[in-house]
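Visitor: If you scroll down you'll find the structure; I have some questions about it.
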Amino acid sequence: MSIVVKNNIHWVGQRDWEVRDFHGTEYKTLRGSSYNSYLIREEKNVLIDTVDHKFSREFVQNLRNEIDLADIDYIVINHAEEDHAGALTELMAQIPDTPIYCTANAIDSINGHHHHPEWNFNVVKTGDTLDIGNGKQLIFVETPMLHWPDSMMTYLTGDAVLFSNDAFGQHYCDEHLFNDEVDQTELFEQCQRYYANILTPFSRLVTPKITEILGFNLPVDMIATSHGVVWRDNPTQIVELYLKWAADYQEDRITIFYDTMSNNTRMMADAIAQGIAETDPRVAVKIFNVARSDKNEILTNVFRSKGVLVGTSTMNNVMMPKIAGLVEEMTGLRFRNKRASAFGSHGWSGGAVDRLSTRLQDAGFEMSLSLKAKWRPDQDALELCREHGREIARQWALAPLPQSTVNTVVKEETSATTTADLGPRMQCSVCQWIYDPAKGEPMQDVAPGTPWSEVPDNFLCPECSLGKDVFEELASEAK
C-alpha cells in the first residue's frame with residue numbers, strides 16, 4: 001500500500017516489524033525498522049531507492065500495483081547498501097535498460113552486491129540536476145561517509161522535499177509515516193540511538209555537509225529519510241539536533257558499565273555510583289552490566305555522557321571479553337570530549353585494569369585515575385570505591401558543586417548515636433557478605449544507621465540474594 005507524501009510523491013517502501021538485528025548483530029532494532037522507497041510521478045516517473053533484499057519480490061509486486069514498471073523513467077539510488085538497493089536485481093530483471101542515477105562509488109558497491117555491470121549507470125556529482133518535467137528538477141548532493149563512501153542526497157524542487165538517505169533517519173517502525181503522527185518520546189530516543197551508534201564516527205563531517213546543503217538556500221518543506229519517519233512538521237528540527245550532536249556532544253551524565261565474574265566488580269560499580277551521587281546530586285548516573293544489557297543502549301548513554309567508568313574482573317590477566325569488545329566498538333565510534341576511568345577486581349593478578357586504561361586512552365578518552373580491589377571488597381574497600389566516586393564527581397563536574405552535607409550529617413549522627421548503639425554487624429552465612437548498621441544498604445533503601453532489628457523482613461543479601469534468616473552476628477562481635 002502506498003502513502004501520499006506530498007502532491008505526486010508516494011511512499012512505496014516496506015515496514016519491517018520483526019527485524020531485531022541490523023548490520024549483522026551489531027545494532028539491535030528493538031522497535032523494528034522501515035525501508036523507505038519513494039515514487040515521484042511527474043512528466044517523468046522516478047523511483048528513489050528500493051527496499052531490503054529480503055522483501056524484493058514483495059516490493060516489485062506492490063510497485064506493479066502502483067505503476068506499470070515500464071513507465072518508470074529513472075531510478076535514483078542514494079545508497080548502495082542492501083537495505084536500500086536490495087531489490088534492484090528483482091526490479092531490473094523486469095526493466096533492464098532503465099537508467100540508474102548514483103555516485104561513482106555507488107556503482108562499485110552495487111556491482112559488488114548484484115554483479116550486473118551492464119546496467120545503465122549514470123554518475124552524478126554534487127550540483128548535478130535531472131529534469132523530470134512540470135518545472136521540477138532533482139538536485140544531487142554527494143554525502144560521502146555519511147555513512148558510506150557512496151552516499152548522496154536528492155532534492156526535489158517545487159515540492160521542496162529532501163530525500164536524505166540515512167541521515168536524519170531512525171530504525172523505527174510505525175503504521176504512521178510522518179513525524180507528527182508518532183510517539184515523540186520513542187521517536188527522538190531512536191533518532192539519538194541511530195546517531196550515536198551509526199553516525200558518531202563521522203561527526204566531523206556532519207557540520208560542514210549540513211552547512212554545504214544549507215548553502216544552496218533551498219527551502220525544505222519535508223525530509224524524506226531512508227528509515228523511519230518522514231519529517232513534515234518542523235522538518236529542520238532534526239537538522240538542528242544533528243548539528244548539536246556533532247559538536248562534541250555531552251550532557252551532565254556519567255555512564256558506568258562493567259562485567260563481573262563473582263559480583264565483586266558489581267559491588268565496586270555500585271559503591272562508585274553512590275559516591276558520585278552523594279557528591280554531585282545533579283549528575284545523572286547510569287549503571288549497566290554488559291552481560292545483561294543492550295549494547296546499543298550502553299553506547300548511546302556513553303555518547304550522551306561527559307565521562308564513563310568501565311569495570312572488569314581480571315581473567316587470565318586480561319579484561320573480560322565483552323568489555324574488550326565494547327571498548328573496541330567505542331574506539332571505532334571515536335567519541336570526543338569525554339573522560340574515562342577504569343576499575344575492577346582481581347585475585348592473584350590484576351592486569352586487566354591496566355590494559356583497560358590503556359585501551360580507553362587509545363580510544364581517545366581523557367583518563368582519570370583507575371581503581372583496583374583485590375578479591376571481594378570488604379567495607380573498607382567499598383568505602384574507597386565511594387571515595388573514588390566522590391573524587392570523580394569533583395574532577396568531572398561541569399559547574400561548581402553544591403556544598404556537601406554528607407560529612408556533617410555523618411558526624412552529627414555519630415555524635416548522637418554510637419556504632420555500639422546500632423547493634424552488631426551481621427554476616428551472611430552463605431557468601432560472607434557483611435551488613436554494617438552504620439552504613440545500611442542504600443541499594444535496598446536501608447538508610448545508614450539502621451540496626452539489623454529494623455531492617456525489613458524482605459531484605460535480601462546483595463551478593464547471594466538470600467533472606468535475613470541466613471544472617472548471623474559477626475563472630476568478632478559476638479558476646
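Glycine residues also receive a Cβ, built from the backbone N, Cα and C atoms like all the rest.
The Fe cation 1 binding site annotation in Swiss-Prot covers His79, Glu81, His147, Asp166, and the record cites sequence analysis as its basis. Here Swiss-Prot flags Asp83, Asp166, His227 as Fe cation 2 binding site. Look at Swiss-Prot and you will find 260-264, 342-369 tagged as FMN binding site. For Cys428, Cys431, Cys461, Cys464, the entry in Swiss-Prot reads Fe cation 3 binding site, with the evidence type sequence analysis. Per Swiss-Prot, the feature domain 'Flavodoxin-like' maps to 254-393; the stated evidence is sequence analysis. According to Swiss-Prot, the feature domain 'Rubredoxin-like' maps to 423-474. Positions annotated as region 'Zinc metallo-hydrolase' by Swiss-Prot: 30-210.
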Visitor: So which other residues, same chain and not among His79, Glu81, His147, Asp166, have a Cβ within 8 Å of the centroid of the Cβ atoms at the Fe cation 1 site?
Guide: Asp83, His84, Leu146, Trp148, Ser151, Asn165, Ser226
Visitor: Distance between Asp83 (Fe cation 2 binding site) and Gly347 (FMN binding site) at the Cα atoms, whole Å?
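Guide: Asp83 (Fe cation 2 binding site) to Gly347 (FMN binding site), Cα-Cα distance: 48 Å.
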Visitor: Say you check the Cα of His227 (Fe cation 2 binding site) against those of the binding-site residues His79, Asp166, Ala342, Ala352, Cys428; which is nearest?
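Guide: Result for His227 (Fe cation 2 binding site): the nearest of the binding-site residues is Asp166.
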Visitor: Using a 10 angstroms cut-off on Cβ to Cβ distances, just flag whichever of His79, His147, His227 is the loneliest among these binding-site residues.
Guide: His147
Visitor: Please report the three-state DSSP label of Ser357 (FMN binding site).
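Guide: In three-state terms, Ser357 (FMN binding site) counts as helix.
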Visitor: Quick one: which residues besides Asp83, Asp166, His227 have a Cβ within 8 Å of the Fe cation 2 site's Cβ centroid, in sequence order?
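Guide: Other same-chain residues with Cβ inside the cutoff are Ser33, Tyr35, Asn36, His79, Glu81, His84, Asn165, Gly169, His171, Thr225, Ser226.
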Visitor: Please classify the secondary structure at His79 (Fe cation 1 binding site) using three-state DSSP.
Guide: coil
Visitor: For Ala352 (FMN binding site), list the number of other Cβ atoms lying within 10 Å of its Cβ atom.
Guide: 26
Visitor: For Asp362 (FMN binding site), which residues in the same chain are close in space, meaning a Cβ under 8 Å from its Cβ, but six or more apart along the sequence?
Guide: Thr331
Visitor: Between the binding-site residues Glu81, Cys428, Cys461, Cys464, which lies closest to Ala352 (FMN binding site), Cα to Cα?
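Guide: In terms of Cα distance, Ala352 (FMN binding site) lies closest to Cys464.
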Visitor: By DSSP assignment, list the helix, strand and coil residue numbers for the domain 'Rubredoxin-like' (423-474), in that order.
Guide: 9 helix, 10 strand, 33 coil
Visitor: In which DSSP state, out of helix, strand and coil, do we find Thr260 (FMN binding site)?
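Guide: For Thr260 (FMN binding site) - judged by DSSP and reduced to three states - the answer is coil.
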Visitor: Name the residues of the same chain, 6+ apart in sequence, whose Cβ is under 8 Å from the Cβ of Glu81 (Fe cation 1 binding site)?
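Guide: Result: Ser109, Trp148.
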Visitor: What does DSSP say about His147 (Fe cation 1 binding site): helix, strand or coil?
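Guide: Once the DSSP labels are grouped into three classes, His147 (Fe cation 1 binding site) ends up as coil.
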Visitor: Compared by Cα position, which of the binding-site residues His79, His147, Asp166, Cys428, Cys464 is the closest one to Ala342 (FMN binding site)?
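Guide: When the Cα distances are compared, Cys464 comes out closest.
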